[in-house]
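**Q** Dumping the structure here so I can ask a few things about it.
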């Protein structure tokens with residue numbers, strides 16, 4: 001099948017999905033499944049491969065996310081009901097002031113997300129944003145956009161995030177320069193796409209705290225201290241961070257290395273934190289065991305719907321990936337004769353927009369530009385700058401084929417149209433600012 005046909009099929013699928021969800025008001029899960037199957041048929045995918053691809057997309061997306069979102073939902077709900085999240089929110093508001101709350105939550109997202117996957121950081125911190133919104137009476141948009149921007153900036157640009165680590169290794173970039181240029185991209189990107197954009201778009205889009213988030217239930221005990229509350233939030237971050245540090249100093253394959261790998265896996269880290277929150281906080285406050293289990297059960301109800309829609313988004317992404325549209329589009333764009341830094345950004349952005357996966361966009365862009373770059377003998381510093389250009393392109397224009405789009409919408413209660421105005425624009429601004437920093441760095445280093 002020709003490149004043009006594949007691209008038209010992908011674009012048509014996205015437009016049809018937007019129509020079904022936003023105009024026809026079809027449930028997002030059903031619409032995603034219908035369009036995924038249609039995209040497989042029209043892209044020329046063998047009939048016996050379509051169902052297998054859909055299963056692969058669902059399993060690949062939920063294999064990690066299901067456990068993270070479920071445990072994270074219970075953990076966050078326990079912290080909320082015991083007043084721990086309120087303590088953190090109140091302390092942050094006292095330290096930064098109500099007028100700078102959006103900068104505080106953005107910075108928290110940027111720092112806390114360093115050792116974590118994007119989704120893990122969001123499920124751990126979203127309850128803090130809800131609590132801050134309740135205390136300040138602020139439009140939720142003004143707080144969740146900076147939070148998501150901070151987490152997204154760390155995930156896209158900062159080592160040891162999975163994406164920048166992958167890019168640095170694939171591009172043979174200098175890790176020191178990768179850290180420096182990544183910081184120069186992440187910090188202004190977070191500020192512009194987070195607090196500044198969130199403040200602006202909050203005039204036009206209003207989101208409210210979800211209905212299931214009410215005043216904390218404190219049982220018969222006292223409000224936990226700020227120090228203990230913060231330590232609970234930081235516990236999974238520390239466990240994951242220990243794994244990252246151990247990978248540098250402990251011999252791979254040793255017993256100690258395997259233990260650090262086990263303890264620092266997000267599943268283990270969040271499970272441990274969840275158990276500490278239940279037995280070390282809720283029950284010590286005097287909360288009955290039945291009440292604690294009821295809270296955990298209630299936390300899983302909205303999580304189930306969130307996971308189904310995200311999984312369906314993964315199905316759509318996988319169908320587009322397996323159709324071959326990414327490499328076909330990339331090869332067409334490579335021959336356009338653009339400057340190499342711009343080419344890196346445009347390639348990653350094009351694949352991202354068509355397929356939805358930031359990781360696939362990064363890998364596709366690297367695979368297409370490396371044969372050209374290797375002949376030019378760029379330094380490790382220049383390769384780091386080009387890596388940041390690719391990272392920026394890989395996160396722009398997040399829409400209905402990206403799991404992050406549905407994660408934002410379902411956690412915040414935003415409609416699809418509101419998610420496009422808030423989340424999609426935030427990601428686009430963040431990626432563009434980061435890529436511009438990468439392009440400037442490449443020019444200065446040339």
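Cβ coordinates are placed from backbone N, Cα and C, and glycine is handled just like the others.
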**Q** I'd like to check whether residue 168 and residue 378, as annotated in Swiss-Prot, sit on the same side of the membrane - that is, whether they share a topological domain name.
**A** yes
**Q** When only pairs 6 or more apart in sequence are counted, do the transmembrane segment (143-163) and the transmembrane segment (425-445) reach 3 or more Cβ pairs under 8 Å?
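**A** When sequence-distant Cβ pairs are counted, the transmembrane segment (425-445) touches the transmembrane segment (143-163), since at least 3 lie under 8 Å.
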**Q** Should the transmembrane segment (110-130) and the transmembrane segment (262-282) be scored as in contact, given a threshold of at least 3 Cβ pairs under 8 Å and pairs 6 or more apart?
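**A** Counting Cβ pairs under 8 Å (6 or more apart in sequence), the transmembrane segment (110-130) reaches the transmembrane segment (262-282), since there are 3 or more.
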**Q** Other than its close neighbours in sequence, what residues sit by the topological domain 'Cytoplasmic' (131-142), given a CB gap under 8 Å and a spacing of at least six beyond its ends?
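**A** Tertiary neighbours of the topological domain 'Cytoplasmic' (131-142) are 80, 85-86, 88-90, 92-93, 98, 101-102, 104-105, 198-199, 201-202, 205-209, 213, 412, 422.
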**Q** If we skip the immediate neighbours and take only residues 6+ beyond the ends of the transmembrane segment (59-79), which ones have a Cβ under 8 Å from one of its Cβ atoms?
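**A** Hits for the transmembrane segment (59-79): 85, 117, 119-120, 123-124, 126-127, 229, 232-233, 266-267, 270-271, 273-274, 277-278, 281-282, 292, 295-296, 298-300, 302-303, 306-307, 310-311, 313-315, 317-318, 403.
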**Q** Summarise the topological domain 'Periplasmic' (164-176) by DSSP state, stating how many residues are helix, strand and coil.
**A** 9 helix, 0 strand, 4 coil
